[in-house]
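Notes for the one structure printed next.
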Amino acid sequence: MADWKHILLCTSIILAMYKFMLCVAHEERKLHVVYMGSLPNGDYAPASQHSSMLRQVMGNDFAEHSLIRSYNRSFNGFAAKLTDQEVHDLARMDEVVSVFESKTLKLHTTRSWDFMGFQDKRRRSPGESDIIIGVIDTGIWPESDSFSDYGFSPAPKTWKGECAGGNNFTCNKKIIGARKYIDDGGSSSSARDNVGHGSHIASIAAGNKVKDASFYGIAKGIAKGAVPSSRLAVYQVCVTERCVEADILKAFDDAIADGVDLITISLGRQEEVDFKLDVIAIGSFHAMEKGILTVQSCGNSGPSRGTITSVAPWLLSVAASIMDRRIIDKFSLGNGQTLSGRSINSFASSGKKIALLPGEHASLPYCNGSTCDCLDPKKVIGNILLCSSEDGVQMGYEYGAFGSIVINSDQHAGVVPYPASRIDEITYAHALSYANSTNNSQVEILKSEAMNDPNAPYIADFSSRGPNPLIPEILKPDISAPGVEILAAFSPNANPSGFPGDNRHVKYNIMTGTSMACPHVTGIAAYVKSFHPDWSPAAIKSSIMTTAIPMNGSQDLKNFAYGAGHVNPVKVIDPGLILDLSKDDYVNFLCDIGYDTATVRKISGDNSACSSSSGKSLLKDINYPSIVYQVQLIQPFMVNFTRTVTNVGIANSTYKASVTKISNINITIVPQVLSFKSLGEKQSFSVNVAGGKFSKPIVLSSSLVWTDEKHRVRIPIIVDVTQI
């Protein structure tokens, strides 16, 4: 009897330990992406292999529940919940390129087309309605007028996707496809946009013309995309503002196989990582293989140097500029003085002035009063707060203030949930001086209005800057486009200001970010592709960069802020010359940055091999439509760059070179004349750059311009003097 008790006791202990081990294993498992490169040719069952690999490292019991996604339509890989040991074991397998944790990425959150001269009288291509733009974002609001399919023909024959948008979601002849994704932290029942970001992005790129669109009468005009006749395919990877990498990579897998022509993605990482650990770099590489250009926002981490994370050369990375229409709001003090701030305030004034209450008079005794972060509710209700911190908008709204006037250093206006104005420190000092000069200070906050900024375009301060932190030889960002105070479609389910408790519902909203700049360039790329359907992603990218308008300013970072310049949609379809790149060129690039033959073969899916001469010294000669060279302080230098251009302009044409002079740098071009006899003809030239000793860090910016009787092909030349 004692033996049986002993056996039962041991069995109980073993079962308890087993359950404990199961719990520990479950707790230790995190979602990872296992990237395996291109799909093998021939008879191959990727999902079966993915399951088999998991069984090898974790056994049958765990494998079935750990596999979350298989990437098996356009490239090879899977997402699974793994322990650290399982990550290690999988990474050692020959089939695997990389294994990395799936993290959460962030979203990069009318008049703009007219500002760029891209008006309705522009030349149109009959192929525009055959262009399909894939939007990887928060979904879309299909009932918006911007996405009506009135007058549209059936979907292009090249479309291979489906409408799998989930509950209460219907596609049409404008939105021809939709997919939603489930991440490890929850699910969405529909590809319907409940955030507003995705609808905004889609309408900037390809929205229909909608007359009298506005945000409560502010910025009223015609809302339209660059290519309103084109189609949209929507891939919802963000629930609220959470965008999981495993889902993003699956969206690329589907979009490529579905047959989109371009991909726009206005989200990204907070830090740069190696390309084989970056789902957007991975997905866009395989898109490039199939002739699909991916356009990505460069991020909102500026203005500091080296903050950009969209750095792969096969991506088109977009910075945000400020256009000529700015939105301001004014407020009138009781002494008759009128001051201006930057807010999108939709609340019309009744003409009545309200008591103006400085923060220190509205706060609890033990608080830092001026910031309004610790208010006395009894003092706040019904008054307009004057605060030295942005927190005053939220705090005043929560405590029942009529409105607020707060310090905020942003260049751009943001939507506010009640009458409010964001001002600079000088304006704050004027308002505070008035408030302290009388026992009966009053103010009236007026509804926002538009004004003209004659200095536009210039780069937004929040837009992430280069140089490229991974590959300094590749200019990033590539281009800039309007991204500040952009009116476009929105989701009625979303909160227009982002402040909790704002219950307004709008069809169109005004938003700011590199997120808004990105779809401007996507739409322009679609416009180019509608005229040149056989052009490679690199050719389209070259046409956009080499026709860009030069920009000034941006303090000391110059091209590292705005790339090749400000996008010029009027010129892009006829650039004259292009600098092209193929998949093989990008594979050689991977060799030059240190990838070995085994790795590039898995990524490329072919017999590519890295030569013994591969190395970083060759990176300068990648046929990129810009030239960047990084030099050390006090070191004289002399360097030669080679580029090859293809004639896409006039068959018999002659181009002459000119260079913008910069002090202490000597730039020569060999040859200085290129003569072409036919379209498609290629010619190469050298750019020789030499300079003296520089005693302090500086970014020197020049450009090479090739001109014939019709075209100007501009290639930026940047010398980055730094403490390497």
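Any Cβ shown, glycine's included, is placed from N, Cα and C.
Automatic, uncurated: that is what TrEMBL annotation is.
What TrEMBL annotates here:
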SIGNAL    1-25  signal peptide
DOMAIN    32-108  domain 'Inhibitor I9'
DOMAIN    129-565  domain 'Peptidase S8/S53'
ACT_SITE  Asp137  active site, charge relay system
ACT_SITE  His197  active site, charge relay system
ACT_SITE  Ser515  active site, charge relay system
DOMAIN    621-719  domain 'Subtilisin-like protease fibronectin type-III'
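Feature map: TrEMBL annotations on the structure.
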residue	record	CB count, 10 Å
Asp137	active site, charge relay system	28
His197	active site, charge relay system	28
Ser515	active site, charge relay system	30
Residues of the domain 'Subtilisin-like protease fibronectin type-III' (621-719) by DSSP state, where helix covers H, G and I: 1 helix, 62 strand, 36 coil
Spatial separation of Ser515 (active site, charge relay system) from His197 (active site, charge relay system) - C-alpha basis, Å: 8
Rounded Cα-Cα span from Ser515 (active site, charge relay system) to Asp137 (active site, charge relay system), Å: 10
